[in-house]
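Only one structure is covered here, and it is reproduced in the block below.
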């Protein structure tokens with residue numbers, strides 16, 4: 001926001017405040033504004049006259065007349081009375097000069113003994129500010145944040161004047177206050193002096209004149225605020241070079257550090273390369289490290305600084321692969337940013353061109369590529385991944401869990417960016433048949449953790465030669481088993497999506513009659529679950545010619561397993577479904593067990609409930625003459641033949 005816009009906005013807000021608050025009769029218990037956003041009660045009459053000076057006829061003359069009253073002449077200390085917020089008349093005049101009152105009023109107060117060193121005691125607060133005023137209040141926001149607030153140290157008239165340097169009157173106010181003996185190094189709640197406050201607001205044209213005034217009056221350039229920031233640290237972050245030069249010329253320490261050990265040089269990287277070069281010329285230590293053992297190159301990389309600064313620092317810091325205590329090289333540090341900034345792409349490019357190692361790993365043997373594929377996926381990530389791969393990043397590197405970048409990308413499928421990342425990894429020939437330390441194939445992971453975008457990725461992997469019949473775990477399940485299980489294990493229960501995955505696997509050669517560890521096929525797994533069966537997936541598998549009479553290692557069929565695992569009521573509908581699709585009710589397993597032997601107890605104790613089952617079997621070529629159980633054979637035959 002330029003000066004013209006600021007003045008225009010102040011004019012609008014002046015009208016708002018005067019109309020809303022200030023043009024009303026004086027009342028000691030009334031509420032009035034000390035400045036644009038701070039209100040208080042218990043205003044003195046002098047304060048009231050000051051805030052209304054420019055909005056009333058002969059406003060300044062009214063102030064002169066008031067100060068000449070006998071009560072004020074006999075009691076000169078009355079001029080320093082404070083309102084409920086701890087503000088004096090001089091404070092109010094200093095911060096509103098040029099807007100609500102005149103520079104002559106500030107001078108008049110000082111001539112009548114106003115004390116420029118009184119500090120407000122309640123602390124400046126920003127609560128209750130109207131939203132339409134926020135862009136104006138930002139002029140003084142930095143000086144009002146209350147950190148480690150101490151009621152003994154508040155803002156003085158000088159620090160308030162330095163908080164708003166948008167007009168020429170602000171400079172005159174500072175000059176007057178200094179002339180009348182204000183303490184140039186008085187500190188506020190945040191440990192900030194007038195010099196520090198001015199450097200925070202130094203984007204305004206008049207700031208350099210005020211800084212020069214403060215320095216001429218021996219302002220302490222080495223003082224640190226509560227965060228350990230000196231005026232120079234604040235200045236190098238955003239001020240123009242001429243202000244930085246002025247501070248250094250007047251004794252500022254170019255190697256000062258804040259509470260986190262960050263140096264002036266580190267903070268300067270966020271500004272411009274000219275300031276970085278100037279500080280180094282003046283003796284700034286380039287090899288300094290902060291409390292986290294991070295050097296200036298690390299710090300600059302972390303803060304998305306411009307590429308010209310990175311390039312310059314690389315020329316000064318010869319080893320871009322230097323490791324800090326967290327074993328993060330500069331390259332890894334940049335690539336592991338949560339949200340990749342456009343400047344990060346330029347930084348990565350520069351680092352790689354200057355011999356940075358794209359295969360550096362952390363304590364878990366994770367590469368930069370793995371980390372980006374896991375947590376830091378956005379459009380800029382694609383550019384960074386391709387740069388790493390072009391510069392020799394090992395696409396098939398594994399971590400301590402035996403996982404590759406492709407494993408991690410497939411674990412994090414949540415948007416279209418992931419699909420693009422996987423395509424990029426495939427372009428650089430990542431191994432689609434890699435198996436991790438647990439024996440899990442990527443295709444297995446995708447099928448057992450099926451999500452919205454999984455189908456596209458599975459198709460990509462199959463197109464690039466992924467083994468569709470790979471097995472995993474003690475059960476020796478193939479991807480088809482896991483795809484089928486999704487209907488039962490997924491909270492979404494989406495049969496249509498599961499069907500699409502099953503069809504895709506079968507299209508690329510999945511064996512529909514594959515068996516697990518004990519010889520069970522998928523149909524057996526489905527029919528023996530304590531869940532809804534038959535279901536759309538089971539029916540679909542039968543359409544795909546799964547063997548309904550397949551026998552497992554024990555010789556059991558799906559029909560035999562149904563009666564081994566389920567109650568009679570539950571078994572009937574499943575048995576009917578299997579028989580309708582060609583299941584043979586006469587098969588005997590390796591233990592010489594058949595349907596009658598399995599239903600042995602039910603024949604004796606639930607005979608009436610068994611009858612419907614055997615009638616069902618008879619409809620599907622059941623041969624009762626081959627069975628005989630403890631003398632019940634003839635009774636059963638007679639019943640069934642009735």
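Just so you know, glycine gets a Cβ as well, placed from its N, Cα and C.
Feature annotations, reproduced from Swiss-Prot:
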type: REPEAT; residues: 85-118; note: repeat 'ANK 2'
type: REPEAT; residues: 153-186; note: repeat 'ANK 3'
type: REPEAT; residues: 190-224; note: repeat 'ANK 4'
type: REPEAT; residues: 227-256; note: repeat 'ANK 5'
type: REPEAT; residues: 260-288; note: repeat 'ANK 6'
type: REPEAT; residues: 292-322; note: repeat 'ANK 7'
type: REPEAT; residues: 326-360; note: repeat 'ANK 8'
type: REPEAT; residues: 365-397; note: repeat 'ANK 9'
type: REPEAT; residues: 401-434; note: repeat 'ANK 10'
type: REPEAT; residues: 438-470; note: repeat 'ANK 11'
type: REPEAT; residues: 475-514; note: repeat 'ANK 12'
type: REPEAT; residues: 554-587; note: repeat 'ANK 14'
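Note: the repeat 'ANK 9' (365-397) comprises 20 helix, 1 strand, 12 coil (DSSP; helix = H, G, I, strand = E, B). If you look at the repeat 'ANK 7' (292-322), the same-chain residues 6 or more away from its ends with a CB under 8 A from one of its CBs are 260-263, 265-266, 269-270, 272-273, 276-277, 280, 286, 328-331, 333-334, 337, 341, 343-344, 346-347, 349-351, 354-357, 360.
On the 0 to 100 pLDDT scale, the model's mean across the repeat 'ANK 12' (475-514) is 83. DSSP assignment over the repeat 'ANK 7' (292-322) gives 17 helix, 0 strand, 14 coil. DSSP labels the residues of the repeat 'ANK 3' (153-186) in these numbers: 19 helix, 0 strand, 15 coil. For the repeat 'ANK 2' (85-118), the DSSP-based tally of helix, strand and coil residues reads 17 helix, 2 strand, 15 coil. Beyond the repeat 'ANK 11' (438-470), the same-chain residues lying 6 or more positions past its ends with a Cβ under 8 Å from any Cβ of the stretch are 401-402, 406-407, 410-411, 413-416, 418-419, 422-423, 426, 432, 477-480, 482-483, 485-486, 489-490, 497-498, 500-501, 504-505, 508-511, 514. Here the repeat 'ANK 12' (475-514) has, by DSSP, the following mix of helix, strand and coil residues: 24 helix, 1 strand, 15 coil.
Taking DSSP states H, G and I as helix and E and B as strand, the repeat 'ANK 11' (438-470) has 17 helix, 1 strand, 15 coil.
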